[in-house]
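S.K.: This is the structure I have questions about; it appears just below.
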Amino acid sequence: MKIPLAGVIGCPVGHSRSPVLHGTWLQQHRIAGHYVPLHVEAADLVGVLHTMPRMGFVGANVTIPHKEAVLALADDVSETALRIGAANTLTFGPDGRLHADNTDAYGFIANLRQNAPSWDAASGPALVLGAGGAARAIIVALQDAGVQEIYLTNRTAARAEGLAQEFGVTALPWADRARRLPELSCLINTTSLGMAGQAALDLDLTALPATALVTDIVYTPLETPLLAQARAQGCMAVDGLGMLLHQAVPGFERWFGTRPEVTDALRAAVLAA
Ligand code: ATR
């Protein structure tokens, strides 16, 4: 019997936590499979994708800079990946077809469901800070979860306006990012502000209702200054590591046939790596 292989394709790929994450699950479930990091330059992407199934790969995660390029190379692209405009999960079908999906939106919502189960998506507007690739996936997640009103703000206004038009949400000037706080049910940071070595996000949350949920895609540190501020005033605060862990679940299940769980032990293993 062939040992199933999966991996993460990126450039650079050395920083990826996916090998530890999937490796932990493979061990836990005693599955005879392997998950490896694959450094792939843009010029080699087509050839690598062509060769992988013949080498025993059943699927792969995709990271920077290939998340958009794989859409054009796949035989089937999920509706979610099309809306986000990027894929992070590839499956090589037994029929030889390459299927591309994006599980970031799923991962975002699954993290909130696990860590803030009382949060009701329909209870009020959400504000998304930032307008990069992560913001695209999170807007799709919020729309699918039933958030009625989504505000979006970004340092570079043109990027927020472009996304607002594409997704039918409302762009706000970056300078006015505090204005809507009193009405929010959810605040999401998708910028790199608050990451270790970077400036903190300059936003006073005092006007945010205590019922609001604050979450961050930054997970180094786990407790960003934004999350610490939210927690200190009694809001729900959910760190970004869970999104990374949950987005990996559908791929693992498709490739290895077992649905894995996101546990505290898994968090600890990924953090220790
Ligand atoms: P990703 O695809 O991971 O979301 P990205 O496309 O590089 O990454 O986006 C990073 C986000 O962080 C952007 O919204 C960026 O704002 P700009 O579009 O103005 O660049 C935001 N960002 C990064 N550094 C920032 C800073 N110092 N102040 C405000 N926003 C910042």
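All positions are counted from 1 along the displayed chain.
Every residue, even glycine, has its Cβ placed from backbone N, Cα and C.
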S.K.: Besides SER16, ARG17, SER18, THR63, ASN88, TYR219, GLN247, which of ASP76, ASP104, ASP204 does TrEMBL list for that shikimate site?
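M.R.: As annotated by TrEMBL, SER16, ARG17, SER18, THR63, ASN88, TYR219, GLN247 share the shikimate site with ASP104, chosen from ASP76, ASP104, ASP204.
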S.K.: Can you give me the Cα-Cα distance between THR63 (shikimate binding site) and GLY133 (NADP(+) binding site) in Å, rounded to a whole number?
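M.R.: That separation, Cα to Cα, works out to 11 Å.
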S.K.: Distance check, please: Cα of GLN247 (shikimate binding site) against Cα of ILE217 (NADP(+) binding site), rounded to an integer number of angstrom.
M.R.: 12
S.K.: With Cβ-Cβ distances below 8 Å as the criterion, list the same-chain residues six or more beyond the ends of the domain 'SDH C-terminal' (240-270) that contact it, or say none.
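M.R.: Counting only partners 6 or more residues beyond its ends, the domain 'SDH C-terminal' (240-270) has Cβ contacts under 8 Å with 4, 6, 17-18, 20-22, 24-26, 28-29, 31, 33, 58-59, 61, 88-89, 91, 101, 103-104, 106-108, 110-111, 114-115, 215-219, 222.
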S.K.: Near ligand 1, which of the binding-site residues show up if the criterion is a Cβ under 6 Å from one of its atoms? Options: THR63, GLU79, ALA131, ASN154, THR156.
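M.R.: Within range of ligand 1: ALA131, ASN154, THR156.
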S.K.: Quick one: largest C-alpha distance among GLU79, GLY130, ALA131, GLY132, GLY133, ALA134, ASN154, ARG155, THR156, ALA157, ALA158, ARG159, ILE217, GLY240, binding NADP(+) per the record, in angstrom?
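M.R.: Max span of the NADP(+) binding residues, Cα based, is 29 Å.
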S.K.: Counting distance between Cα atoms, which of the binding-site residues SER16, ARG17, SER18, TYR219 is nearest ASN154 (NADP(+) binding site)?
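M.R.: With Cα distances computed to ASN154 (NADP(+) binding site), the winner among SER16, ARG17, SER18, TYR219 is TYR219.
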